[in-house]
Amino acid sequence: MAESVLFSVAESLIGKLASRAMEEASLAMGVYDDLREMKQTISFIKAVLLDAEQKQHQNNQLREWLTQIKHVLYNAEDIVDDFECEALRKHVVKTQGSLSRKVRRFFSCSNPIIYRLKMAHEIKEINKRLNKIATDRNNYGLQTNDVDTRVVHRRELTHSHVNASDVIGREQDKKNIIELLLQDDDGGSLSVISIAGIGGLGKTTLAKTVFNDNIIDESFELKMWVCVSDEFEPKKMLIKILNSAANLNQENYKDLEMEQLKNHVRNMLDGKKFLLVLDDVWNEDRVKWVEFKSLIQIGAKGSKVLVTTRSHDIAAMVGTKPSYSYPLKGLSEVDSMTLFIKWAFQEGEEKKYPELLLIGKEIAKKCRGLPLAVRTLGCSLFSKVDAEEWKFVRDNEIWSLPQNNGDILPALKLSYDRLPSYLKRCFSCFSFFDKDVIFSSFDVSALWEALGFLPSSMQNKTLEDGCTHILHELRSRSFLQDFVDHGTTCKFMLHDLVHDLALYVSKDEFQRVNSRTQNISESTQHLSFAEDSLLGQASFPIGLRTIIFPHRANNEASLNSLLSRCKYLRFLNISSSAYKSLPSSIGKLKHLRCLILQHNTELSRLPDSVCKLQNLQVLRLHHCKNLEALPKGIENLINLRQLYLTFKQSSFPEIAKWTSLETLYLDSCDNLKSLFEGIQLPSLKCFIILSCGSLKSLPFHAIPNLESLVIFGCPKLELSKELDENIPSLKLKFLGLCALPQLVTLPHWLRGSSNTLQSLVTIKCVNLEELPEWFSTLICLKTLSFSDCPKLISLSDNMHHLIKLEYLEIEYCPELYKRCQPNVGEDWHKISHVKQVILRQREEEE
């Protein structure tokens, strides 16, 4: 399916070949004319790619022609990137001044003359292949279309939780499930209720609406939600239950023995009436189920387990009695059409388009009552008023293909086909991650940038801004769910059927290597390993661009062998490994743009050869708690845009050269006392500082364009100090202040962001007593949250001036909780204009 994204690949290549840097490099290397010919030929081919992508399913020869294009474009991309690497190498050497000879030797390109001859020969070979392909295009009667017009029209989606208005046709189902959960059982044993039905029916959504209902809150002392999917090992299940109940990270329990976990679960559940939701269960092993159930059968009478599953056999196996197995049916045609209209039109706009309504009714009917299919197709047609587009969807041959259990839903495939080419490339990357994972925009942005998937139109955006833009586009097409914007990052999930679609469309290029893998195709570009033992058991294509190593990997010989061969790697993830050192061969990966080394607790030093990776844009070294220092010469990574770091240095002078740095994440740098004094980081937009216990001050003079700032657990940090009048005011959009006992009131320098600040989050600032008088001048504030600030007893008098404030959360602030009670609290009049007010309190404080 990689042939459906070639338009985006060609467009990216043309952009690189047209750049001024490439022009200068090609002139210096004597290949200007050859590269100009390459650009012209690719442009000629690109003009028919969109038409070819649509017609390839009916023509095997055309599909083979597209495969040839894919291979030659990827080869051309490697050559162009080689030129960029060489230009960066020369720039580093040129800027080293008196150290020139030593630096030249360190970064030397073995023989410049041989290199030029080699590159010239490879370019001519590429051009020969391109010219042959360009001539063959005349054999297929393709239409010229040089612009991808499949624009994504975004609509506002403001809630990450299940909005009742989004759930259509399930009112009676919800009522029936709640009645089952509230039934008294004669036997007193733990009752299990199941919701069964095919994928896409809305089982999880129904379970969520039940889980979040006020009646359930009042009826159960403890609620837990566990996403099960393919794994049903009792130990892993207990860890997930504990995490859900305690709202803590998995790291808190994963290293415990089984008996310790059992004790924790007993203490957590004993004597409590609880509801446990097990979402997406696939386990058919009754022995495992009985073993697991026995471990949680310790709650008070009336405790329930609610299971969602695609299998009616599993539903029967887990159900306490037949009446507790609830088979979910598809939506009626009326409800399907209501749901389709909701997502395909702006509210009330459907009345203007009677012809589209008639076509839409037929499309909705073809979705067979599956809400996921109806919603996804409705979103893909949003703001499209051309009846021909709607007819294309209605009459597509995909609806008539045989549909077996486990096949990709036609509606999802149709929605994918209608995505612009660059969005298809980005979407395919979700296959690199496990099912049911919670995605972070930090992780996704690094992957997309490393592989060159972000379109040229976003080159002037930061990595995170470009990524967020694309995520919102995919979200507006209903490919993402449970989407939450945390200010500095976005978190989201994929429906398992959408994840299946990602695996399907990337199957020619992405492969997960496990014990069942027979061979690895030469067309594979991205590899993920399930086990460390598999690293040395297969031969790998030399054109690999992505390698994701398994956790606890420790086979150093295989690592060195793999890195020595795969010289075109762009993305390398060796996180959570057991390696004590990395091979120097890593320095030969001159194309590498993203290096993930987080959670390598055994790693004390990096090889000096890392400093040769001038193309590197993302480096992640956080939670490497034994990392002593960065290697000398690390400042040569002049292309770095994101740095995540845990180390033992007391200062950080290396950062002075990283003027392109956009995100800086410092975690548990216990010895760090000062930060980049006397320099400027004009590109820095996001700065996150966690648990840096020795840090005393922030260098606001160096970060004039900062937009997001998070400070957590830095007790010596001076926050109340006013800024020097010569330092320009900050223009923050997001500020998070967490676990700062020295904070009594908000820092005065925040006032400089009165026209920009949109989100303010304050957590566990136990000595925060009051909001300053100028707080009401933060007129752009949209989101405000106070959590665990027990001394904060009232809000600013002029809170009503914050007319843009849409969301206010107050939790575990006892006095403030009382004063903000709706209609009766002393401070309610200050916040009654806010659209959404969330008040939470611990039971013992009520």
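Backbone N, Cα and C define each Cβ position, glycine as well.
According to TrEMBL, the protein carries these features:
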DOMAIN    10-98  domain 'Disease resistance N-terminal'
DOMAIN    171-347  domain 'NB-ARC'
DOMAIN    433-502  domain 'Disease resistance protein winged helix'
DOMAIN    563-758  domain 'Disease resistance R13L4/SHOC-2-like LRR'
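Highlighted: of the candidate stretches 10-98, 433-502, 563-758, 433-502 has the greatest count of Cβ pairs under 8 Å to the domain 'NB-ARC' (171-347). Across the domain 'Disease resistance R13L4/SHOC-2-like LRR' (563-758), the prediction's mean pLDDT works out to 91. For the domain 'Disease resistance protein winged helix' (433-502), the DSSP counts in helix, strand and coil order read 34 helix, 11 strand, 25 coil. Residue counts for the domain 'Disease resistance N-terminal' (10-98) under DSSP, split into helix (H, G, I), strand (E, B) and coil, are 80 helix, 0 strand, 9 coil.
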